[in-house]
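Features as listed in TrEMBL:
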{"type": "BINDING", "residues": "Ser32, Gly33, Gly34, Pro35, Asp36, Ser37", "note": "ATP binding site"}
{"type": "DOMAIN", "residues": "383-455", "note": "domain 'Lysidine-tRNA(Ile) synthetase C-terminal'"}
Amino acid sequence: MFRGGAVLRKVRQFIMQHNLISPGELVVVGVSGGPDSVALLHLLHLLGKEEGFSIHAAHLNHGLRPEAEEEEVFVRELAKSLGLGCTVDRAKVREEARAGRRSVEEAGRQARYAFFIRVAEELKADKVATAHHMGDQAETVLMHLLRGSGLKGLGGMSPRRGILIRPFLTVTRTDIMSYLEENRLDYCLDASNYDWDYLRNRIRHQLIPLLEKEYNPNIVASLCQLATVARDEDMVLEEMAVKAFKEIARPDQGGLVLNLETMQVLPVAVQRRVILLALKQLGGEQGWEMKDVQSVLELAQKAGSDKHICVGKNIWANKSYGRIIVRVGREKTRPFRYFLEIPGKTYIEEIRAELVCYLRKREDVWPSWDSVCLDWDKLKKPLEVRSRRPGDRFRPLGLGGTKKLQDFLVDCKVPVEQRDRVGILACEDEIYWVIGYRLDERAVIDDTTKRVLVVEIRKKQTH
């Protein structure tokens, strides 16, 4: 006879509240053989009969302990006794941990979730259920708190993320043990849960009992309530940040440019999230810490420009003229040099533009926004487009004298990381045009001009 109706009612209400499972769906349940997952499999099996959804068990043998073989057999027999299908696989977790330079604990967790998702895909299942409960949630919140996490970390585990669901986040470890006892369900015990080398185990067996005894007997419930509030508020801030990110960030040369003028009027909490979105877009979802975000935020707040910092995973950020530029690796542009085809077309990769050159009589030339005109007979030959060189000087039109190219680019507020990509139309050391910025007064057409070199700029379209 079934017992433990109070726990079942709690879980049913939680499933309905968070819309975790619908009638007709197939749910893959991760089962280790431990008390939590055994209770979850049994309870969802019963609930599925009442609510019209189906259950399939999935067990991954990590091969880490002598008991692993017995646990695999136990899970197979448990599923069989309930009339459920069961998929079992094995993983070489220790080898995967060494290969990926991860802890055995992290490698095992990643292997489990990858396995559960794979089983769900093979069976065309709708959900994957794991047996995390309120105690696990409290441990997770404390772990994140100790690491200095923000709201997202304090939110702990959500009841639902994609197809992953956690129906037991509404019950305690005591509830689960009572359910097992009342229904006379056997389970396996994992000795590694008492290995104090793991932070989670120390929190479970040392810190939480201390907090319950000395500070708050309901600390687990309080931490779970904190997680719920943090998740709700995190969701609001995340929506604000995503909207702001679309207005602030734009792609540029394989990286992202953040407009500081727009960003800095936002609340600091939203600024942090905009920065995190940029880091995730370039460096992947995982592994970012508050210190990474904070270092970019502090860079944005500092006075001055042309400052660079390296954030984890080889992501570089620099502040330049009211912008934060974030990209993978520190960009280095090699010196470039192209001889112009006249008449003809020359594609300049570094400025992502094609230069179309042709000669015209002075009287046949008309001003145009997308071209420049130079006095052909005043120019030395051959003409080339190159990158800047140390010591470059020219005579900017309208200045009435010479100026160092470096100083000119600074005055034009050209970001430092872009200066080596500025195209220079020249003949050796004699500059005639800083492409996109200024002509040299020696190349300008006048009343004595007979032949004109017309250079049209056709920018390459990027998406």
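Using N, Cα and C of the backbone, Cβ positions are placed for all residues, glycine too.
Other than Ser32, Gly33, Gly34, Pro35, Asp36, Ser37, the residues of this chain whose Cβ falls within 8 Å of the Cβ centroid of the ATP site are, in sequence order, Val31, Val38, Ala39, Ala131, Tyr187, Cys188, Asp190.
Across the domain 'Lysidine-tRNA(Ile) synthetase C-terminal' (383-455), DSSP classifies residues as 16 helix, 25 strand, 32 coil. Long-range Cβ contacts of Gly33 (ATP binding site) within its own chain (separation 6+, distance under 8 Å): His59, Glu71, Glu72, Phe74, Val75, Leu78, Tyr187, Cys188. Set side by side, the binding-site residues Ser32, Ser37 differ in how many other CB atoms lie within 10 angstroms of their CB, and the most is found at Ser37. Shown in sequence order, Ala131, Tyr187, Cys188, Leu189, Asp190, Asn193 are the residues of the chain, 6+ apart in sequence, with a C-beta less than 8 angstroms from the C-beta of Gly34 (ATP binding site). Sequence-distant neighbours of Pro35 (ATP binding site) (same chain, 6+ apart, CB under 8 A from its CB) are Ile176, Met177, Leu180, Tyr187, Leu189. In the shown protein chains, 22 other C-beta atoms lie within 10 A of the C-beta of Asp36 (ATP binding site).
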